[in-house]
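A.B. asks: What follows is a structure written as structure tokens; I'll ask about it next.
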Amino acid sequence: MSGNTFGKAFRVTTWGESHGPAVGAVVDGCPPGIPLTEEAIQVMMDRRKPGSSAASTTRKEEDLVHILSGVFEGLTTGTPISLMIKNKDAKSSSYDQFKNLFRPGHGDLSYQRKYGIRDYKGGGRASARETAGRVAAGAVAGLLLERVGIKTFAYTLELGSVRAKNIDPEAVSKNPFACPDMEAAEKMEARVNEVRKDGDSLGGIVQVQAAGVPAGLGEPVFDKLDAQIAKAMMSIGAVKGVEIGAGFEAARLTGSVNNDPILEDGFETNNAGGTLSGVSSGQDIVVRVAVKPIPSISVPQQTIGLDGKADTIQVGGRHDISAIPRVNVVCEAMLNLVLADFVLRQAQVRALELFAKQ
């Protein structure tokens, strides 16, 4: 299986399965001299770990990250950084009933038909557990970005058709749904409780942004900044759509409205979402991500078995009601990885200038 590595200059490979002994990531290309501790990474990991919100699974994982290599006396050495998170609360026996059945909405059927074999205990690499490695690596990337003045953050814009109307960044940390609108957060909680009684699940929208991004990040044509952001977000299992800036709303605007007027001190608007022709403009990067409902639900569903015959399935078990808000930090981590990669690639573009100044 290929496709487990992301990035060119700042490269991340994730590894491990949901019900294996551990999951993790290897970060290759991180510059030396960046202060890095397990505690610094853990801050981001704690936002993703199970049981962190009313909509999350009852599976209890500490998600403690262990740095195995690439750090000496608290500083990165420039060599590969290996990160490991042990799985401690996997209950594989609960998946035995799915050995010969395909779960709707999961990768069971497509993996079986691609590889002729699948990990039916938790979904293997298709499990959301894989994202723990992404978040750990994204935390490392975030520390690199801090050195150049870039800050990323994410919040719940919408959950179960309840949308935040008032955006107060300080409210995000004050409610279990990471919503910037406290009134909307209360409605989200009511909606989650309602759907939980039905054994169903919810989707929503995450907004992730980056401030302090300098102009010049991104490459022409196939490696555009917005193209790589879209790829990064769409690589998250629960994500079904991405828009940047005005996004799909831009299709309804005239050019005179959609264009961002250029002023002496910047731009008047940000419909472009911080990118022009695939290169950062110096404005904030603004991304919205559509997250599908969790496919593991207690509602009876039609399916087929390995023998191809019709059957009925009820998944149940310890599953999230919604991937939100745990997926928020995953989106933030992926934006970190994209930006860290382009920061290092831009340094290569201007390398002659840097050496000439020495």
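Note: Cβ is positioned from N, Cα and C throughout, glycine not excepted.
Below, the features straight out of Swiss-Prot:
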BINDING   Arg48  NADP(+) binding site
BINDING   Arg125, Ala126, Ser127, Ser277, Lys292, Pro293, Ile294, Pro295, Ser296, Arg318  FMN binding site
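Give me the local environment of each listed feature.
C.D. replies: Non-local contacts of Arg48 (NADP(+) binding site) by the CB criterion (under 8 A, 6+ apart in sequence, same chain) comprise Asp63, Thr131, Ala132, Val135, Arg326, Val329, Val330.
Secondary structure at Arg125 (FMN binding site), as computed by DSSP, is helix.
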A.B. asks: Could you tell me which of these binding-site residues, Arg125, Lys292, has the greatest number of Cβ atoms within 10 Å of its own Cβ?
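C.D. replies: Per the Cβ count within 10 Å, the most buried is Arg125.
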A.B. asks: Long-range neighbours only, meaning 6 or more apart in sequence with Cβ under 8 Å: which ones does Ile294 (FMN binding site) have?
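C.D. replies: Same-chain residues close to Ile294 (FMN binding site) (Cβ under 8 Å, separated by 6 or more) are Ser201, Leu202, Ala238, His319, Asp320, Ile321, Ser322, Ala323.
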